[in-house]
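Student: First the structure, which I've put down as structure tokens, then a few questions once you've had a look.
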Amino acid sequence: MMAPLLEEEENYVRLALLLKGVSPRAVRSYFDREFPPTYLPSTLNTNYNTLCDLKLKRVLNQAQWNLLFPRNGVPVSTTFDVTLMICLIRNLTSVTQPINGFDSLPLPVETTPGPDLARIKWYRNILAHHDSNKMATGDFNTAWSNISDAVSRLGGQPMNQECQELKVKILDQSNQEIMLEIKQSQEKIKELSQTVDILGTEHTEVTENLRKLQVSHITLQTEHTEVTELLKDPIPWNIRGMLYSYRKGCRVI
């Protein structure tokens, strides 16, 4: 049985539940209003060139592209994650962009859908790169207020009530198991990060060795060209001059 969670650990778990469980449904609720499910396939087809350009710019990856244009069946928003939905809303609708753009935390006075989407996106990134499974209560309360307000505006009153209940509900064993999964995931992320660092170092070494090989290849090519030029003349000019002087000397004697 797991030990009871500390308050700061509970804060982290609650915020994870809000961002991973509730906020995606709020974003999807808004997304489906902008892209009615019945017309989603035709809308994506109409904007194919725009989406293709986003893929070329690597804004969309191949996995996301496969969801937008599946080989079998039709696209449905229930398969889209928050990142993909926000990307489509940003690029295919007239949603108002936050003053500081979609990649920053919007100002408190910005409460339209665009800033609310950016708010959720920003906090999801913060959680994903958080280097601890704890969160100070002050930071938690600020984040919760910002996220739950955005969720309520995007998803309506029922989700507002869900946010309020989630903040105070007793975390049962299944919720506490989330913390164990988070801890295990963080360890895996650290291991993957170390692996990436090692691969990066090895890639640098391989690149340097390749550069040295290229330099050596160029040097050999140059030497080969010089030897080839010499071989074209059986008696190089300097040796020919020496022979001429020698022969001339012999005639004098």
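Yeah, the Cβs are placed from backbone N, Cα and C, and that goes for glycine too.
According to TrEMBL, the protein carries these features:
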COILED    175-202  coiled coil
DOMAIN    38-177  domain 'DZIP3-like HEPN'
Student: Taking helix as H, G and I and strand as E and B in DSSP, count the residues of the domain 'DZIP3-like HEPN' (38-177) in helix, strand and coil.
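Tutor: So the domain 'DZIP3-like HEPN' (38-177) is made up of 91 helix, 0 strand, 49 coil.
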Student: Average the pLDDT scores across the coiled coil (175-202) and report the rounded value.
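Tutor: Average per-residue pLDDT within the coiled coil (175-202): 63.
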